[in-house]
Amino acid sequence: MTVEAFAPAKINLTLHVTGQREDGYHLLDSLVVFADAGDRLGFAPAGNLTLTVTGPRAAGVPSDGRNLVLKAAALFGAGRGAAITLDKHLPAAAGIGGGSSDAAAALRGLSQLWGLPLPDAAAVLSLGADVPVCLAPRALRMRGVGEEIAEGPRLPSMGLVLVNPGVEVPTPAVFKALARKDNPPMPHPPGWATAAVMAHWLRDQRNDLEAPARALAPVIGEVLAAIAATPGCLLARMSGSGATCFGIYDNRTEAEAAAAALRAQAQGWWVAAAEPFTL
Ligand SMILES: C[C@@](CO)(OP(=O)(O)O)[C@H](O)COP(=O)(O)OP(=O)(O)OC[C@H]1O[C@@H](n2ccc(N)nc2=O)[C@H](O)[C@@H]1O
Ligand SMILES: Nc1ncnc2c1ncn2[C@@H]1O[C@H](COP(=O)(O)OP(=O)(O)O)[C@@H](O)[C@H]1O
């Protein structure tokens, strides 16, 4: 039996930083959704545990014990075998949780392959603050440092564009450069009938990491301006700690057209058109 799992890109539609714990980790309030663009994982029965990383974004991704997929496998206990393939399509260290979504997909896939329950919540969180929210991808509100997950609103249909300019922005550096840690939380997300109404609501919310990330990587400002200038763009914002930014459109056709225009004008940027993904 071979098991497959999809690791969708994570998008922080909002990312409010509301405080900081004594251990340095920040308190977040974030509306998280997932895109139908992502990495693909395969799990086949085998005597030993192996990982092969392939695909257009494999370069620079470790295939040894540093890979979050192998760290996820280790949570099931030592001595279990599986031949794992990871087909990378998402840029790494990009604010769209590539590694975290891979880790969560590995937990789902290996749990199925081995017939074992998922590791407990504390173990899942130990893989990274973003892994719990990636376990069952859908619209979710994420709080605490990432461990408090609540159901999000029902999403309207929409098109999404993701753009990464190819600069890696390390998450710790962005949090370190954040001037104010005690920003207001997000109001309750009510649910919206259309993408336009949702974008209108989102415009009053924030990604508090956008300013510090832009200070570290000014090209993020160019990316946001380029997305905002595409026809039909309802909102342009950065995801996570960057540098990937997203645009929201009324539908996938408009998002595809915007993606094509962005690819033509900025060689070397990673651009993907998508729609929300729910597992
Ligand atoms: C900022 C977010 C928002 O969704 O997304 P990304 O930019 O990573 O996609 C996440 O909270 C990132 O989650 P993740 O990348 O799993 O974080 P971890 O590996 O646990 O931590 C990396 C580093 O980020 C900082 N960190 C992370 C989470 C958090 N709530 N407070 C923090 O201060 C810490 O400096 C930590 O050492
Ligand atoms: N499966 C993986 N895919 C991508 N990066 C990984 C993976 N496993 C470990 N890493 C490491 O994790 C770091 C952060 O990657 P990622 O989770 O994609 O970024 P972010 O936290 O910004 O969303 C990368 O620099 C990479 O070296």
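Cβ coordinates are placed from backbone N, Cα and C, and glycine is handled just like the others.
What TrEMBL says about a protein is an automatic prediction, not a curated fact.
The annotation active site is assigned in TrEMBL to K10, D130. The domain 'GHMP kinase N-terminal' annotation in TrEMBL covers 67-129. Among the features that TrEMBL reports, ATP binding site is placed at P91, A92, A93, A94, G95, I96, G97, G98, G99, S100, S101. For 204-265, the entry in TrEMBL reads domain 'GHMP kinase C-terminal'.
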Worksheet item: Taking Cα-Cα distance, which of the recorded positions K10, P91, A93, G97, G99 are within 10 Å of D130 (active site)?
Response: K10, G97, G99
Discussion item. Counting by DSSP secondary structure, give me helix, strand and coil numbers for the domain 'GHMP kinase C-terminal' (204-265).
Written reply: 31 helix, 10 strand, 21 coil
Fill in: C-beta crowding around G97 (ATP binding site), within 10 angstroms
30
Worksheet item: Around the ATP site (P91, A92, A93, A94, G95, I96, G97, G98, G99, S100, S101), what further same-chain residues have their C-beta within 8 angstroms of the site's C-beta centre?
Response: A9, K10, L90, G240, T244
Practice prompt. Among the recorded positions P91, A93, G95, S101, D130, name every one whose Cβ is found under 6 angstroms from ligand 1, counting any of its atoms.
Written response: G95, D130
Fill in: Alpha-carbon distance [K10 (active site); P91 (ATP binding site)] in Å
12
Fill in: Entries of K10, A93, G95, G97, G99, S101 (recorded positions) sitting next to ligand 2, with Cβ under 6 Å as the cut-off
A93, G95, G97, G99
Practice prompt. List the same-chain residues at least 6 positions away in sequence whose Cβ sits under 8 Å from the Cβ of G95 (ATP binding site), in sequence order, or say none.
Written response: N12, V169, T171, A213, M238, S239, G240, S241, G242, A243, T244
Discussion item. Long-range neighbours only, meaning 6 or more apart in sequence with Cβ under 8 Å: which ones does S101 (ATP binding site) have?
Written reply: A7, P8, A9, K10, F34, G38, D39, L90, D130, C134, P137
Worksheet item: How many neighbouring Cβ atoms, not counting its own, are there within 10 Å of the Cβ of G99 (ATP binding site)?
Response: 27
Response to the item:
If you count the other CB atoms within 10 A of the CB of A93 (ATP binding site), including all protein chains displayed, you should get 20
